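Visitor: What TrEMBL records for this protein is below:
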type     : residues                                       : note
ACT_SITE : CYS359                                         : active site, proton donor
BINDING  : GLY252, GLU289, PRO290, GLY291, ARG292, TYR387 : pyridoxal 5'-phosphate binding site
BINDING  : ARG292, ARG328, TYR332, GLU360, TYR387         : substrate binding site
MOD_RES  : LYS73                                          : N6-(pyridoxal phosphate)lysine
Amino acid sequence: MPRAEPPPPYLPGAPHFAYCDGELWVEGLRVADLAREHGTPLFVYSVAAMRAAVAAYQRGLQGRDALICYAMKANSTLAILEVFARAGCGFDIVSGGELERALRAGAAPERIVFSGVGKTRAEMRRALQVGIGCFNVESRAELDVLDAVARELGVRAPVSLRVNPDVDAQTHPYISTGLKGNKFGIAHDEALDAYRHAASLSGLSVVGIDCHIGSQITSIGPYLDALDRVLDLVEAIEAAGIPLHHLDLGGGLGIEYHGEQPPAADALWQAMLARLDARGHGRRRLLLEPGRSLVGNAGICVTQVLYTKPGAAKNFLIVDAAMNDLPRPAMYEAWHAIAPVRPRADVPARTWDVVGPVCESGDWLGRDRELAAQPGDLLAVGSAGAYCMSMASHYNTRGKAAEVLVSGARAQLIRARETVADLWRQERALALD
Ligand SMILES: *Cc1c(COP(=O)(O)O)cnc(C)c1O
C-alpha cells in the first residue's frame, strides 16, 4: 500500500500565511525570499490579516456608537500602530512611552484611553496636556493623585473607573485580571463608593466605566457574566446621580494558537449587544480594548535551524530565535505552532524540542514537535504577532529581530535589526579608578 501523504502543514488561525507550490507564502510573497533579504530571526506581518481582524469587530458593532481602542502593548511597533490608526482605531495605552508611540503614529489624542495600575504624575500630566479621551483609573489613591495633577494644570481629567467584576475568565492565571485577589481594578462592592468620591473631586470629570477581565478568553460566557455585573453597577451609579457616558468593556478575546476555538469578534459582539439591548443599554457609547485578537495571528517569526542535536532522552533542534524574541513559552508555557517554510520529504521527520541559543533551560519555543528539518532550513513560528516583539528583551546581548510588513505583493522593513552598537549606545565606559 502506498504510504499516506502527510497532511500539508498550516499555521492555525492564519489564512494570510498559506502553503502554495511547496512553500509558505504571506499574502503575495514567499516567506523564504523575505528571510533571504532581511535575515533571521525575522517577524513578518500581514496587513490584510490585521485589517480583517479589525473588520470583524466593525461588523459586529455596525450601527452602534463604538470605538475600538487597539491595546498596543500587544505590538507597539510604529508602523503597526499606523495600520490600526488608518483602519479607524483608537488606542489603549498603559504607559507614557505608549502614549508617545500612539501620538507619533498619528493617533487622535481623544481616541486614546490610558489604563494601568501605576500611572506616574508625569505620565498623567503629559496625557492631560495632550488631551487624551479617558483615564481608566484603577484605585482610589490614583483618583486623588489624578485630581491633584489636573487641578494644578487647571483642567478636568476625564475618568472611568476600572471595576473588577470578580468573574473567572477561565484563562492562564498570569493573564486573568478580573478576579478578586489580583492587582487590577476596584472591587465590585467598593465601586459605587469610589464613583461617589470621584464625582466629588473638582479635577475629575466622570465619563464612563471600564472593565477588562483577562486575556486569551475563548468563550463568550465570561464576557456576558462581566457585562451583567458591570451593568448592575452602571444602574446603581446612575441611580446615585452620576451619569456614565460610555462603557469600556476591555479586550481579552483569544485567538487560535493550537486548536482553541474562540468566538469570532463579530459573533461575540452580536451576543454582547443582544444582552445590552435586553437590559436597555443598547444606545450607550461603547469602547473596546482588543489587543491579541487584532494582531496575534497577523504575524509569524521566521527562524533558521542552526544545529540538530539528537540525544538519548531528547532531540534538540537549535534555532536562531530564542526566548528573548519569543518570550511566551518561557513565561506562560505557551504553545506556538512551528512549521517548515519549505516542507521537505527527503529527510525523515523526528520529534524535536525546538530551542534557542540563550543560556537557560527555559529557552524553548516548542516541545516534542514532529518536524523534518536540517541545519539551514527555515521554520515559521506561528501566532507571533502579539506579545512577542513587544515583550522582546536583549538578554544574552541579543539584538532585537527585524520586522517586515507585507501588503499584497509588497513588503516594507518596519524595524531594522538591532546592531551590537545599538545595544550599548546608552552605556558608559568605566571612568572610576
Ligand atoms: C492587555 C490589556 C488589553 C488587551 O488584552 P488582549 O488580551 O490582548 O485583547 C486590554 N485592556 C487592558 C487594560 C489591558 O491591560
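For all residues, glycine too, the Cβ spot is worked out from N, Cα and C.
Just so you know, TrEMBL annotations never went through curation; they're auto-generated.
Have a look at these and tell me how they're positioned relative to everything else.
Guide: The secondary structure of CYS359 (active site, proton donor), as reduced to three states from DSSP, is coil rather than helix or strand. Non-local neighbourhood of CYS359 (active site, proton donor): ASN396, each in the same chain, at least six residues away, with C-beta under 8 Å from its C-beta.
In this structure, TYR387 (pyridoxal 5'-phosphate binding site) belongs to neither helix nor strand by DSSP; it is coil.
The C-beta environment of ARG328 (substrate binding site), restricted to residues of the same chain at least 6 apart in sequence and closer than 8 Å, consists of ALA334, HIS336, TYR387, CYS388, MET391.
In sequence order, VAL94, GLU98, GLY291, TYR387, SER390 are the residues near LYS73 (N6-(pyridoxal phosphate)lysine), counting only same-chain partners six or more apart with C-beta under 8 A.
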Visitor: Can you tell me the CA-to-CA distance separating GLU360 (substrate binding site) and PRO290 (pyridoxal 5'-phosphate binding site), as a whole number of Å?
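Guide: With distance taken Cα to Cα, PRO290 (pyridoxal 5'-phosphate binding site) is 32 Å from GLU360 (substrate binding site).
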Visitor: What is the Cβ neighbour count of GLU289 (pyridoxal 5'-phosphate binding site) at a 10 Å cut-off, with all protein chains included?
Guide: 25
Visitor: Quick one: pull the CA-CA distance for TYR332 (substrate binding site) versus ARG292 (pyridoxal 5'-phosphate binding site), whole Å only.
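Guide: Per the Cα atoms, TYR332 (substrate binding site) and ARG292 (pyridoxal 5'-phosphate binding site) stand 15 Å apart.
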Visitor: Compare all C-alpha positions of GLY252, GLU289, PRO290, GLY291, ARG292, TYR387, the record's pyridoxal 5'-phosphate binders, and send over the largest distance in angstrom.
Guide: 15
